[in-house]
Amino acid sequence: MAYLLALDQGTSSSRTIVFRDSGEIVASAQQEFTQHFPQPGWVEHDAQELWSSQLATARAALAKAGINAADIAALGITNQRETTVVWERATGRPIFNAIVWQDRRTEALCDRLRADGLAEAIRRKTGLILDPYFSATKLNWILNHVDGARARAARGELAFGTVDSWLAWNLTGGRLHVTDVSNAARTMLWNIHEGCWDQELLAWLDIPPEVLPEVHPSSHQYGSTDPQWLGGAVPIAGLAGDQQSALFGQACFEPGMAKNTYGTGCFMLLNTGTQCADSQHGLISTAACQSDATRHYALEGSVFVGGAVVQWLRDGLKAINSTAEVEALAGSVPDSGGVVFVPSFTGLGAPYWVPSAKGAILGLSRGTTQAHIARAALEGIAFQSAALLQAMMRDAATPITELRVDGGACANSLLLQFQADLLGIPVLRPQVTETTALGAAYLAGLATGVYRNREQLAAQWRVERVFEPTMDRAQAQERMHSWERAISQVHPA
Ligand SMILES: Nc1ncnc2c1ncn2[C@@H]1O[C@H](COP(=O)(O)OP(=O)(O)O)[C@@H](O)[C@H]1O
Ligand SMILES: O=P(O)(O)OC[C@H](O)CO
């Protein structure tokens, strides 16, 4: 029996999980960190806090499991993607807060690139829709706004990385400046067809190549942790963006298999195999996890506010004391009473792509209570995900017959039942819903010989509950229409 350690650096919290090679959870530790909102539409994290909270949870998880570094076969890192860190190579100090994927400050730069007619060329090279979401414009912003950064970057004094790079750098005491294909694909600087940093993109985005990390497959022997951190050297053998990692952890290895992760945002990914699909319906193409020289791809729909709307019910509206309470509150009324909640607090992502959209609660009446709003908030998560699946079904070569789900908000059965009702296909919740972390553990285990192949991993996937659609299809369609009407009010065409 072997143990694998997964470091899962998410948007809302840092988490570490110790897995047995069977995929069973042995112990876990989690720590929230500060969200900084310096201006409307801006979202930042303190990169040092990301690292210190991640390290604290790694140590705590090992202690809870009663094991030490020598017992760990390998560790994998998975992370919130696109979030951009720039640090000094000499000192390891970040020169600015991490600019988080949700941050919209680079909208004007995106508009300029669009006006220059570059959106389509960027989409062809990267699979991405030109939007502030991705790292490139955030990196450009840091280089332009931090005193002296541009000159220092050109001299090779600065390193750029997504959060996986930043953690790998710190874990190895500054020996490794690396990332994997699934993270590189989110920067908008990586050519997903050729598998390389793209010189034209670097020129358009004004990024000096000196800042870039080395890129490897997601399952790869990257190096070892500095013994000072975990009490011994542990091989780092997996890096992956959290959503591609979840696709891997859900064992969606065959083309046509899809998963939706309900975390801070919602991310639906469909495996398209070795074919890079070209979406006609507002989805993006992205690199899936890679374990050898063969490139794999996924179609993705990204919803910027998913479970975060429940945090807003807790922290903003103060309708609940804990996120777990939302199910009981929403379940205390039979329906949303005509309320539709569009939770686009940080713009609308796929398939609409409206960076400037704001959230809205529509259909209020004298009878509306917090319970109706809570229910409409959960429905808003499901409506956004259903719009993604509809787009995916139109784009996909093969029909999607079921949806595997995971992430913090998938604990909510009311949400998943409504999701199945809207979609008209079964929604499958696995026994291990920490599939993001599991994917990273699997990638690390594959690179170090703990596992032989993907088939062995697929055999370990177990369902906990299947949510079958029960709603009449005409009613489901009418509900989707009410959602689309609300969207057109938030964002008049
Ligand atoms: N019972 C619940 N119902 C709905 N949402 C929930 C529930 N429990 C947690 N959440 C939401 O799930 C999110 C956390 O999920 P998680 O997968 O840990 O996110 P991340 O990886 O983005 O940090 C939070 O936004 C939280 O509000
Ligand atoms: O931290 P999560 O789970 O909300 O995931 C964030 C995504 O990676 C952003 O693209």
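Even glycines carry a Cβ here, placed using N, Cα and C.
Whatever TrEMBL says is automated annotation, not expert-curated.
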Using only what TrEMBL says about ADP binding by T11, R15, T264, G408, N412, identify which of G223, G301, G307, G367 is listed for that site too.
G307
To which of Y133, Y222, Y262 does TrEMBL also attribute binding of glycerol at the site defined by R81, E82, D242, Q243?
Y133
Rounded to a whole angstrom, what is the largest C-alpha distance between any two of the residues T11, R81, E82, Y133, D242 that the record assigns to sn-glycerol 3-phosphate?
15
Around the sn-glycerol 3-phosphate site (T11, R81, E82, Y133, D242), what further same-chain residues have their C-beta within 8 angstroms of the site's C-beta centre?
N79, Q80, T83, V100, W101, R186, G241, Q243, G265
On a count of neighbouring CB atoms within 10 A, which of the binding-site residues S12, Q243 is highest?
Q243
Can you tell me which of S13, Y133, G307, Q311, our binding-site residues, come within under 6 Å of ligand 2 at the Cβ?
none
Binding-site residues compared (T11, S13, T264, Q311, N412) - highest count of Cβ atoms within 10 Å:
T264
